[in-house]
Amino acid sequence: MNLAVIRLFKHHVNNIPNILPHQLATLDYLVRSIIDENKSVLLFHIMGSGKTIIALLFALVASRFKKVYILVPNINILKIFNYSMDVVINLFNADYILENIFIYSTTSFYSINYNDNVINYNGLSRYNNAIFIIDEAHNIFGNNTGELMTVIKNRNKIPFLLLSGSPITNTPITLSNIISLMSDEEINFSDIIIQGKKVFQILLNEHGVNVLKNILKGRISYYEMPDTDLPGIQYHGKSFLDTRVVYCNMSKLQEKDYINVRKMCNNEMFEKNMNNVSLAVLGQLNLINNLDILFQEQDKELYPNLKINNGVLYGEELVTLNISSKFKYFINKIENLKGKHFIYFSNSTYGGLIIKYIMLSNGYSEYNGSQGTYPKLIHGKPKTFAIVTSKMKASLEDLLVTYNSLANDDGSQIMFLFSSNIMSESYTLKEVRNIWFMTIPDTFSQYNQILGRSIRKFSYKDITQPVNVYLLATVYSDFNDTIESLDDYSLEEINTLPFDIKKLLYLKFKTKETNRIYSILESISDSYTQPPHPHIVEIVLGEIVRQFFYHHSRIKQNDERLLTAVKSVLTNTEAAKKYIKEIVDGHFFVSNKVFDKSLLYAYKDEIITVPFKLSHEPFVWGVNFRKEYNVVSSP
């Protein structure tokens with residue numbers, strides 16, 4: 001990161017269309033490392049810091065010299081990247097070749113490079129002299145996409161820009177995949193780790209620390225946004241190590257079936273069934289590993305007050321909630337909470353069924369769907385919920401537009417957004433006041449990503465109000481242990497703890513090693529002080545001009561303040577004056593604090609900001625869908 005670029009911007013205004021100083025400073029680093037030196041880079045910027053914008057800025061710069069291929073996890077994130085590209089282009093003050101930039105989802109990229117599940121090696125030559133940008137890079141390995149990237153890297157000898165806010169998904173071993181794409185070094189991971197009996201006991205040894213530093217030095221950009229301009233976080237529940245957890249003590253009904261299912265699980269840390277019964281129990285259905293049975297049973301009695309019929313749950317138990325200590329707590333608590341809720345859960349088939357019918361039975365209506373029993377209201381309208389899973393048919397983007405809209409700041413359009421893992425990456429939520437974990441996440445990175453969807457800069461108008469976080473754990477009816485240290489229990493004792501508590505302890509064990517490695521990556525992150533790279537000078541100058549004219553509506557053409565600002569990059573006075581003339585003659589777009597969206601104009605001996613507004617007459621499109629032609633008419 002070029003610290004000299006950051007120092008160009010004091011009191012940077014962030015509430016207008018802009019490029020943040022750290023994004024420009026990182027762009028400088030990427031240009032020097034990837035374009036000039038042909039090195040691969042890991043962009044390890046913590047969630048909410050604008051990695052997508054940095055990646056697209058770099059893609060536009062690089063497009064002048066090479067083809068750029070951008071891979072994203074799925075079609076929904078592809079849409080986000082395409083939208084963000086339009087935003088970035090509007091702020092980009094330099095030449096680019098858009099035809100040299102290709103954005104693919106991993107599945108579509110797979111389809112064009114494989115024939116009958118075999119890599120089409122003859123087609124890989126198209127990636128010669130290219131640059132690859134991979135979003136959420138930690139997720140592409142262990143599948144065909146990871147294999148393909150390794151082949152392309154070895155055959156084509158091209159650089160990669162890997163984006164990740166959490167490069168270690170589970171254990172240090174996952175870092176080996178990222179290293180393999182970033183260097184030509186062959187690493188025997190058995191030489192650099194200490195392997196215990198459990199997954200969380202995989203540690204990086206001292207030799208591993210040195211290997212990590214030697215291979216990745218000069219290839220890491222680490223950045224974490226300052227926590228200013230963020231609301232405080234209020235964790236609820238019982239003290240648990242360095243956080244708080246809400247203990248949800250089971251009823252006798254839930255506890256009985258919970259124990260029966262637990263006896264069936266040989267390795268319960270990877271058993272969906274334990275996640276299921278920790279969320280809610282459904283009688284005999286919990287003893288069957290095939291969830292399709294849920295939607296085939298007809299008028300089957302699960303408990304005296306709960307039945308299922310063709311995938312529909314009904315009965316008084318959905319209100320008394322002896323089947324779920326977590327939902328009993330949740331339903332009782334939300335009655336008195338204000339604002340929007342974001343609720344994470346796993347196992348979308350089972351969880352989605354439970355959530356839908358508990359919410360409907362307790363008076364909450366489905367967004368664009370069924371109305372709740374005796375509907376609860378806000379401003380005279382039903383309080384609604386939406387469930388997001390990978391199987392949802394409606395557009396996720398449309399749903400999020402409504403959820404994030406100004407009209408929904410109070411939750412009057414959609415109050416409760418339930419989501420499985422699909423929402424853990426790349427999406428931004430706004431004005432969320434209550435975050436719930438109905439399932440304990442599998443990894444530390446997943447936990448942080450879920451929090452990071454909501455608690456981020458520019459997502460809250462009022463940062464004086466805290467965000468409530470509820471991490472729910474299903475526990476036995478008599479369990480009330482206070483856990484202060486990871487050493488409070490032996491491994492044998494941990495195995496007897498409630499599933500959620502055991503999972504939390506494993507998560508904390510893994511977190512300890514993850515944090516140690518992250519601190520190593522942070523320590524070798526590259527920073528320097530140099531004038532802006534020639535390839536990004538115009539982009540930096542554009543941001544300097546935007547910042548200047550936010551504060552000034554009208555100045556003399558020879559204004560020394562503007563000249564000084566431009567000369568901070570263009571040290572030659574004549575070059576600076578020429579640049580100022582060019583942006584005025586070209587009617588550079590700025591956002592002024594008085595006039596808002598404006599264009600620069602020369603008026604006599606002054607430079608003025610002239611507000612503008614795009615408008616059009618009402619019109620109607622008439623389209624003939626015959627194959628031969630379309631007719632467009634306007635009255």
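Don't overthink the numbers, they just go from 1 along the chain as shown.
Positions of Cβ are set from backbone N, Cα and C atoms, glycine also.
Lifted from Swiss-Prot, the feature list:
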BINDING   HIS45, ILE46, MET47, GLY48, SER49, GLY50, LYS51, THR52  ATP binding site
DOMAIN    32-185  domain 'Helicase ATP-binding'
DOMAIN    326-505  domain 'Helicase C-terminal'
MOTIF     135-138  motif 'DEXH box'
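In this model, the motif 'DEXH box' (135-138) carries an average pLDDT of 83.
Here LYS51 (ATP binding site) comes close to LEU43, HIS45, ASP135, LEU163, GLY165: these same-chain residues lie at least six apart in sequence, with C-beta atoms under 8 angstroms from its C-beta.
Within 8 Å of the Cβ centroid of the ATP site, not counting the listed residues HIS45, ILE46, MET47, GLY48, SER49, GLY50, LYS51, THR52, the chain contributes GLY165, TYR223, MET225.
LYS51 (ATP binding site) falls within a helical segment according to DSSP.
The Cβ neighbour count for ILE46 (ATP binding site), using a 10 Å radius over every protein chain in view, is 17. Residues within less than 8 Å, Cβ to Cβ, of GLY50 (ATP binding site) and separated from it by at least 6 positions along the same chain comprise LEU20, GLN23.
Within the same chain, residues at least 6 positions away in sequence whose Cβ sits under 8 Å from that of SER49 (ATP binding site) are HIS22, GLY165, TYR223, GLU224, MET225. Here the motif 'DEXH box' (135-138) has, by DSSP, the following mix of helix, strand and coil residues: 2 helix, 0 strand, 2 coil. According to its DSSP assignment, ILE46 (ATP binding site) is coil.
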